[in-house]
Amino acid sequence: MAAHQEKKLAEERKHQNMQNGSKPSQGQWGRAWEVDWFSLASILFLLMFAPLIVYYFIMSCAQYQCSLTDPLLDLLAGNKHLSDIWNRTPMLTPRAAAIYSLWVAFQVFLYMAIPDFCHKFLPGYVGGVQEGAVTPAGAVNKYEINGLQAWIITHVLWFANASFFHFFSPTIIFDNWIPLLWCANILGYAVSTFAMIKGYFFPTNAKDCKFTGNFFYDYMMGIEFNPRIGKWFDFKLFFNGRPGIVAWTLINLSFAAKQRELYGEVTNSMILVNVLQGIYVVDFFWNEAWYLKTIDICHDHFGWYLGWGDCVWLPYLYTLQGLYLVYHPVQLSTAHALGVLLLGLLGYYIFRATNHQKDLFRRTDGNCRIWGQRPRYIECSYTSVDGAKHYSKLLTSGFWGWARHFNYTGDLMGSLAYCLACGFQHILPYFYIIYMAILLTHRCGRDEHRCGSKYGKDWRRYTAAVPYRLLPGLF
Ligand code: NDP
């Protein structure tokens, strides 16, 4: 009921704004209230084609040695029909369903049942109960941060099984890769649909719901801001981190195990991909509390984009390099391997240092040192839906003085390193850098649009002080 009232209120607010001839600004930052044709077309395209894109990539590896062009050429030349490809595709199996259900249930258990103990003995690690950012409705949610612990327990069990118990083969993920894809899709669609229904009928915080009136947009971008079941099961935190990101490193380990089973050795490229992506994943969990202040948690509503994306897109497409290396065991020259390692580590350093500077600056409200000096910043203000005025600061020194999204630049360098580890024979492992470049460039625009509406003229003062987005002097 509360959600219906909020929907009505939103419509009235939109109507008033239209009558005033003004664009919604105060207290209405966050995702869109109205949907233009381009957004709608993009959303329909993604809803229809994103699952096919994932299938196409995975099928290309399984049936065409990771060639992206051969399936198309085969179809166009009439050598194969769609039905031939489909008939060779493994279906959902009871074994895959059991593995996947156990996996998700285990991650729910780790998330809900074991409060964080890592912060009690790991110096510098921030875990346990933490607060998120102020939501557009002015609420502040509490989160139990225990992702690092879940990652450690899961991996200890994985290695214990691989070394001592041998309950299952470490190649289990690779061996069930396509049947597991169907399971991930079922969960992704189920959770997105549930989130939509929940947004209408029993939202966690009705004031933080957004209804555009467009069914497809609301399904994709979400209605509820922070859907929860009970006090602690937070959809965004759970689905973004686990099962997808905990699985990322296990998936890579399974691919490495498969390489060894097939060829008797693990190549240096596979080790590089495992190590560089492993650093990224551990970093994510080490900084899970910081993650509460990133766009996914602070600004995105929970819909198909996050629900399906976390269950399917992330574990299947972010791990393409490891999958590719099972089919093409590339052994890199020492110079090539070192180059990739250095690029990956430098990218990671920039990514982490930039994010750390902003986090430190915001946590201490500017009472800190950035590169040994007092930070420079721009004071800004904004208003939340309840009409309350809030104050904030935008950092303009350190890496944040070089470009407005230098953290993305570091991320892109790291992403390129994973791809370069796979050599130059096929385009498929380069999907990740292409995708990340599109995602993060689009994110720059999305974030800047949102910050522009949130901070108004203060944001314009900031962009004048830091004119470049990603590459100082260029873009
Ligand atoms: P940011 O961490 O850059 O957060 C952007 C927000 O930070 C803005 O909305 C604004 O929020 C605040 N902000 C912007 N400029 C400043 C400033 N100068 N000083 C202080 N605060 C500022 O973006 P993301 O959340 O998108 O990304 C976080 C990290 O996650 C990035 O490193 C990114 O590369 C990575 N990432 C990785 C993805 C992947 O799939 N691998 C996907 C997405 C992100 P406010 O309203 O608080 O002012």
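Glycine is no exception: its Cβ is also placed from the backbone N, Cα and C atoms.
Since this is a predicted model, take the numbers as computed values, not measurements.
The region 'Disordered' annotation in TrEMBL covers 1-28.
For 1-15, the entry in TrEMBL reads compositional bias 'Basic and acidic residues'.
What TrEMBL records for 17-28 is compositional bias 'Polar residues'.
What TrEMBL lists as transmembrane segment is 37-58 (among others). Here the transmembrane segment (37-58) has Cβ contacts under 8 Å with residues 68, 71, 177-178, 181, 185, 214, 216-217, 219-221, 304, 308, 312-313, 316-317, 320, 323, 428, 431 of the same chain, all six or more residues outside its ends.
Sequence-distant neighbours of the transmembrane segment (97-114) (same chain, 6+ residues past either end, Cβ-Cβ under 8 Å): 144, 146, 149-150, 153-154, 172, 176, 179-180, 183-184, 187, 232-233, 238, 242-243, 246-247. The transmembrane segment annotation in TrEMBL covers 97-114 (among others).
Here TrEMBL flags 148-168 (among others) as transmembrane segment. Panel annotation: around the transmembrane segment (148-168), residues 106-107, 110-111, 114, 116-118, 122, 125, 127, 241-242, 246, 249-250, 253, 257, 281-282, 285-286, 288 of the same chain, lying at least six beyond its termini, place a Cβ under 8 Å from a Cβ of the stretch.
The transmembrane segment feature in TrEMBL is assigned to 180-201 (among others).
The transmembrane segment annotation in TrEMBL covers 237-255 (among others).
Annotated transmembrane segment per TrEMBL: 262-282 (among others), in sequence order.
The transmembrane segment feature in TrEMBL is assigned to 302-320 (among others).
Beyond its flanks by at least six residues, the transmembrane segment (332-351) meets 267-269, 272, 275-276, 279-280, 283, 399, 406-407, 409-418, 420-421, 423 of its own chain at Cβ-Cβ distances under 8 Å. Here TrEMBL flags 332-351 (among others) as transmembrane segment.
Positions annotated as transmembrane segment by TrEMBL: 415-440 (among others).
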Most CB pairs under 8 Å with the transmembrane segment (302-320): which of 180-201, 237-255, 262-282, 415-440? 180-201
Excluding the flanking five residues on each side, which residues at least 6 beyond the ends of the transmembrane segment (237-255) place their CB within less than 8 Å of a CB in that stretch? 103-104, 107-108, 110-111, 143, 147, 150-151, 154-155, 158, 170-174, 191, 270, 273-274, 277-278, 281-282, 284-285, 288, 291-292, 296-297, 302, 306-307, 310-311, 314-315, 318-319, 322-323, 325-326
